[in-house]
Amino acid sequence: MGAGSWGTTFGLVVGDTGHEVTLWARRPELAAAINATRRNPDYLPDVELPPGLRAVSDPEEAMDGAYAVVLAVPSQLLRRTLEGWSVPADAHVVSLAKGIELGTGRRMSEVVTEVAGVEPERLAVVTGPNLAREIAARQPSASVAASVLEATAQDVQRICHTPSFRVYTNGDVVGCELAGATKNVIALGVGMAVGLGFGANATASLITRGLAETARLGAALGADPYTFAGLAGLGDLVATCQSPLSRNRTFGEELGRGRSVAEISHATRQVAEGVLSCASVQQLAHEHGVDVPIVDHVAAVVAGELTPAEGVRALMSRAPGRER
Ligand SMILES: NC(=O)C1=CN([C@@H]2O[C@H](COP(=O)(O)OP(=O)(O)OC[C@H]3O[C@@H](n4cnc5c(N)ncnc54)[C@H](O)[C@@H]3O)[C@@H](O)[C@H]2O)C=CC1
Ligand SMILES: O=C(CO)COP(=O)(O)O
C-alpha cells in the first residue's frame, strides 16, 4: 500500500519469492503506467518489476483477499490514510514506515492498532539497512521482521526472504521502530556535518553518540538493548548515515551547505522522514526524561532556531561527560 520507492521495491522483493503482489498507487495514472510498462516511472524507472506484480488505485481492491497488507505510506500520512480504509480482519499487517507520529508520539504499529483495530499479534515491522535502490538492484542486504508473535514474524519472513534480501525475525517491535525513526534524525545531523565539510571523525562520532541516544530512549521505553546493536539499530544507522542514496543524509547535507528546509523540500517529491520526526522523537525523549542532545540540535536547526554551524558549536560546547 504505497507505490513510492520503498513500497514498489518491497513489492519487487515479495514478487521475487513467487508470491502475487498487488501494489496500491494513490494516483490511477501511476497504477496504469506501472501495469503498461512494468516499471514505476516516478520512483524506480530503471527497474523491471516482477511478472506477478500488478498495480491498482483502489485500496479496497488492493487489500481484497490479501495474506499480508504491507503499509508503505510515509509516517505522518499513515493515520489519515488508514482512516479511509478497511483493513481485512484476517490479514497480517506489515509496517514499513520509519517515523514517530507528530503530536501523539505514537510508533507506526501503535497507529495501525489504534486506527485499523489490528491486534499486535498479526502486526509486523520490517526494518533494517534497506536503501531501496540497492535492494531493487538485488544487491545483498539483510533486514528484520519484528513482531510480538514469533509465528507472525516467521510468516512475514517467508514472504520477503530472497537470495538477495536476508530477513531475520525479531521480537522487539518497540526497539525496531524507535531505531528506524531515530536513525533518520541522526542521518540529518551526519548530512549537516558532511555539508559543513567535516570528515570521518565527525560523522563517526555522530553515528556512535547518536546510537547511544537511541539506545537510551529505547531503554526508557522498554526496548531490548541488543536491538540497537542489530540490523534495525546500528545496521540501518550506518547505511543511512554513510550513503549518498539516503534522502535524510542528503537533506542534511543540503542544510549544511546553507539551503533552507523549505528550499530543499520544494526540490524533491521524496520523503525525508527525519525532518518531521525530529520533533516527535525529541518530544518522546523529553516526556521520558531521556537526554538526546543530537536530536535536540538537529531539531533546532530544522526549526530554523540555529544554523548548522551554530548547532555544531552548541553541541560541542556542552559540559564534558562520561561515555555510556
Ligand atoms: N526508500 C527507502 O529506501 C526506504 C524507505 N523506508 C520508509 O518507507 C516509507 C515510505 O517511503 P518511500 O516509499 O521511500 O517514500 P517516497 O517518498 O518514495 O514515496 C512516498 C509514498 O507516499 C505516498 N503518498 C504521498 N502523499 C500521500 C498522501 N497524501 N496520502 C497517501 N499517500 C501518499 C506516495 O504515493 C508514495 O507511495 C517511509 O517511512 C520511509 O522512511 C524504509 C526503508 C527504505
Ligand atoms: O530507511 C532507509 C534505509 O534503510 C532509507 O533512508 P532514507 O529515507 O534516508 O533514504
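Every residue gets a Cβ built from N, Cα and C, even glycine.
Taken from TrEMBL, the feature active site, proton acceptor applies to LYS183. LYS183 (active site, proton acceptor) counts 33 other C-beta atoms within 10 Å of its own C-beta, drawing on all protein chains shown.
Under the heading NAD(+) binding site, TrEMBL lists GLY2, ALA3, GLY4, SER5, TRP6, GLY7, ALA132, ARG247. Every protein chain considered, the tally of other Cβ atoms within 10 Å of the Cβ of ALA3 (NAD(+) binding site) stands at 26. DSSP assigns ALA3 (NAD(+) binding site) to coil, not to a helix or a strand.
Counting every protein chain shown, the Cβ of SER5 (NAD(+) binding site) has 22 other Cβ atoms within 10 Å. Annotated NADPH binding site per TrEMBL: SER5, TRP6, ARG26, ARG27, TYR43, LYS98, ALA132, ARG247, VAL271, GLU273, in sequence order.
If you look up TrEMBL, you'll see LYS98, GLY128, LYS183, ASP236, SER246, ARG247, ASN248 marked as sn-glycerol 3-phosphate binding site. Under DSSP, LYS98 (sn-glycerol 3-phosphate binding site) is assigned to coil, being neither helix nor strand in the three-state scheme. In the shown protein chains, 29 other C-beta atoms lie within 10 A of the C-beta of LYS98 (sn-glycerol 3-phosphate binding site).
Annotation source TrEMBL lists substrate binding site at LYS98, ARG247, ASN248.
Marked as domain 'Glycerol-3-phosphate dehydrogenase NAD-dependent N-terminal' by TrEMBL: 1-148. Here the domain 'Glycerol-3-phosphate dehydrogenase NAD-dependent N-terminal' (1-148) returns a mean pLDDT of 97 for the predicted model.
The domain 'Glycerol-3-phosphate dehydrogenase NAD-dependent C-terminal' annotation in TrEMBL covers 172-311.
For ligand 1, the neighbouring binding-site residues among GLY2, TRP6, ARG26, TYR43, ASP236 are GLY2, TRP6, ARG26, TYR43, by Cβ distance under 6 Å. Taking the Cβ of GLY2 (NAD(+) binding site) as reference, residues of its chain lying under 8 Å away and at least six apart in sequence are, in sequence order, TRP24, ARG26, LEU71, ALA72, VAL73, PRO74, LEU96. With the fewest other C-beta atoms within 10 Å around its C-beta, SER246 stands out among the binding-site residues SER246, ASN248. Working note on the binding-site residues ARG26, ARG247: by count of other C-beta atoms within 10 Å of each C-beta, ARG247 ranks first. If you check the binding-site residues LYS98, ALA132, ARG247 against VAL271 (NADPH binding site), the ones with a Cα inside 10 Å of its Cα are ARG247. Cα of LYS183 (active site, proton acceptor) to Cα of ASN248 (sn-glycerol 3-phosphate binding site): a distance of 9 Å. Straight-line distance linking the Cα atoms of GLY4 (NAD(+) binding site) and TYR43 (NADPH binding site), rounded to a whole number, equals 6 Å.
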